[in-house]
Amino acid sequence: MNEALDDIDRILVRELAADGRATLSELATRAGLSVSAVQSRVRRLESRGVVQGYSARINPEAVGHLLSAFVAITPLDPSQPDDAPARLEHIEEVESCYSVAGEESYVLLVRVASARALEDLLQRIRTTANVRTRSTIILNTFYSDRQHIP
């Protein structure tokens, strides 16, 4: 993935980031290339790991996740192995786990149905990973999943 992107690759990556369902024909028009050239470039971007997959964006509220929160976690015993991400990976309500610099070791993005469900989840996180937690409930999301592609 060290190979630099040329201008055409950047166009294709920007277009795919904006609409992962864009057809090869649409991409070809936007990039000024033939469909076969675009297909070859997209395959190369995929094999290099620049394009890592295609997925649908689901509205969390539409599937019953009415409450989202950031949960910062810190191991209770720093002398023990730092394996919190692996211990929490199976918990479905944990959408993302980020290693961070600062007071906490990790920040989790969690989605649950209610405040009570968050309380239960926090207890599971504490018990499963032997961590302390600090939660911030998300009131409104103005934007997310933005990708800057120079």
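Even glycines carry a Cβ here, placed using N, Cα and C.
Over in Swiss-Prot, the protein carries these features:
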| type | residues | note |
| --- | --- | --- |
| DNA_BIND | 24-43 | DNA-binding region |
| BINDING | VAL100, GLY102, GLU104 | L-phenylalanine binding site |
| DOMAIN | 5-66 | domain 'HTH asnC-type' |
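All protein chains considered, the CB of VAL100 (L-phenylalanine binding site) has 11 other CB atoms within 10 Å. For the DNA-binding region (24-43), the model gives a mean pLDDT of 98. The local packing around GLU104 (L-phenylalanine binding site), expressed as other Cβ atoms within 10 Å of its Cβ over all shown chains, amounts to 19.
Helix, strand and coil counts under DSSP for the domain 'HTH asnC-type' (5-66) come to 37 helix, 0 strand, 25 coil. The L-phenylalanine site is set by VAL100, GLY102, GLU104; from the centre of their CB atoms, other residues of the chain with a CB within 8 Å are ALA72, ALA101, GLU103, SER105, TYR106, VAL107.
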